[in-house]
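Peer 1: Let me begin by handing over the structure; questions about it come next.
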Amino acid sequence: MTTFYTVISWLSVFGYWLLIAGVTLRILMKRRAVPSAMAWLLIIYILPLVGIIAYLSFGELHLGKRRAERAKAMWPSTARWLSELKECQHIFANSNSEVASPLFQLCERRQGINGVKGNQLQLLTTTDDTLKALVRDIELARHNIEMVFYIWQPGGLVDQVAESLMAAARRGVHCRLLLDSAGSKQFFRSPYPAMMRNAGIEVVEALKVNVFRMFLRRMDLRQHRKIVLIDNYVAYTGSMNMVDPRFFKQDAGVGQWIDMMARMEGPVATTLGIVYACDWEIETGKRILPPPPDANIMPFEEETGHTIQVIASGPGFPEEMIHQALLTAVYAAREQLIMTTPYFVPSDDLLHAICTAAQRGVDVSIIVPRENDSMMVRWASRAFFTELLNAGVKIYQFEGGLLHSKSVLVDGQLSLVGTVNLDMRSLWLNFEITLVIDDDGFGADLAQVQDDYIARSALLDGERWNKRPLWHRVTERLFYFFSPLL
């Protein structure tokens, strides 16, 4: 009996180290950033069982077998649709400004289509303006409404949006609503899903959270896009979730959330539509490609208006696309670079690009919230401040609430707005959407908004920053080490 237990003990020890060795080898063989690999190895060797379970759950990008098969199956039809779209040459921009050309060329070669022109574009900077405009557009809808959001939380003006959406469905408008399971958990626990389905709205819970399937699909992979499409002509996207900030996270101690949205009319609605169609097919298996380009786009033909490129990122879309786009935009800057983000945990490449821009004479400003709803991100982001300050980057800490807007403005001409945070989750993991706008008029509008943010912010003083307590420095470095996992 003693021999039996001895054998079992040795087999357990052997299996234990074999499992650690196997996971270690898998991490080393995967093509990933060195800081990320080192962080995972540290966790596994300090807390082996916890680390292995965490890595198998969150360490690799598992879309899930069923969704991966759908993503693979949809591309032939999507490619044909894009080929038909490219025949409508009148909607595509033939040239771009000097600062925007590299980024638009990158997008065209990686995504297959160029930016579209002739769009009307309005920047909305308050929740009230956005939700009221959205209600008006829903009330005017005649054919179809598609929406995707990370968070939909009932309450306040959001309930007016829900009521107008149900009224539209009852009068015959085809309505689809795609909401992230984790972000919109309060919505799915409310009476609204049943009410909306009874009204005729297709409501889909995206990327359902199921602990029993945690090893089959990465649970923290989230649908982070915010898109509204109405009659294939009007579109919205930006940083705002479907929430009324007067009722959202009031106990978080960070103040009201500050967002911006873009309202568009024109052919960009069609390019956003193909992104929505892909998301819908990946989640439901149903194909809903936008109407044929000729029927849908001809009314949009205009010589004036904004030129916009759409960047869709996430599993099943061109790899590293948004990361490459941000790097290209930063390196294109010659005079000024302004970035706003609620979560600043950049990759090493992006950090170095920003610092290099400042060191070659570009006026670089980063606007982040002073208070953050994520304690881990708050400390991790502070670990980058010293390097940024030493390079000459100006860091503004917004004091008027949780600044949730995501924007980049390059030389007053090239603008990027959308859902992407400057952190690892947005850059490498989540489903995100970004608008790239080549227009100095829109750039002036965005600059005005950013100037307002700066006026409500405090400039971080380098000398005072260097005198912060030792325990702050230690905490920052601790969270910095795990920043590749945030």
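Residue 1 is the first one shown; counting continues down the chain.
Backbone N, Cα and C define each Cβ position, glycine as well.
Note that this is a predicted model, so its numbers are computed, not measured.
Residues or ranges marked as transmembrane segment by Swiss-Prot on the basis of sequence analysis: 3-23, 38-58. Positions annotated as domain 'PLD phosphodiesterase 1' by Swiss-Prot: 219-246. As annotated by Swiss-Prot, active site applies to H224, K226, D231, H404, K406, D411. Taken from Swiss-Prot, the feature domain 'PLD phosphodiesterase 2' covers 399-426, and the record attributes it to sequence analysis.
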Peer 1: When the domain 'PLD phosphodiesterase 2' (399-426) is classified with DSSP, how many of its residues are helical, how many are strand and how many are coil?
Peer 2: 3 helix, 12 strand, 13 coil
Peer 1: Given the active-site residues D231, D411, which one is most crowded in terms of C-beta atoms within 10 angstroms?
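Peer 2: That would be D411, with the highest Cβ count within 10 Å.
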Peer 1: So, in DSSP terms, is K226 (active site) helix, strand, or coil?
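Peer 2: DSSP call for K226 (active site): coil, neither helix nor strand.
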Peer 1: From the active-site residues D231, H404, D411, pick the residue whose C-alpha lies nearest to the C-alpha of H224 (active site).
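Peer 2: Going through D231, H404, D411 one by one, the closest to H224 (active site) is H404.
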Peer 1: Between D411 (active site) and K226 (active site), find the distance joining the two CA atoms and give it rounded to the nearest Å.
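Peer 2: Here the two Cα atoms are 27 Å apart.
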Peer 1: List, by number or range, the same-chain residues at least 6 past the domain 'PLD phosphodiesterase 1' (219-246) whose CB is under 8 A from its CB atoms?
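Peer 2: Tertiary neighbours of the domain 'PLD phosphodiesterase 1' (219-246) are 57-58, 61-63, 124, 127, 130-131, 134, 137-138, 140-153, 155-158, 161, 178-180, 182-183, 206-207, 209-211, 256-266, 268-270, 272-273, 275-276, 279, 283, 290-291, 296, 299-300, 315, 401, 404-406, 417-419, 425-426, 429-433, 435.
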Peer 1: For H404 (active site), which residues in the same chain are close in space, meaning a Cβ under 8 Å from its Cβ, but six or more apart along the sequence?
Peer 2: S239, M240, W257, I258, D259, P342, P369
Peer 1: Note down the number of other Cβ atoms within 10 Å of the Cβ of K406 (active site), including every protein chain shown.
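Peer 2: If we count other Cβ atoms within 10 Å of K406 (active site), we arrive at 24.
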Peer 1: Provide the three-state DSSP residue tally for the domain 'PLD phosphodiesterase 1' (219-246): helix first, then strand, then coil.
Peer 2: 0 helix, 11 strand, 17 coil
Peer 1: Non-local Cβ contacts of K226 (active site) (under 8 Å, 6 or more apart, same chain)?
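Peer 2: Non-local contacts for K226 (active site): V148, F149, Y150, Y236, T237, G238, S239, M240, N241, M242, M261, T419, I433.
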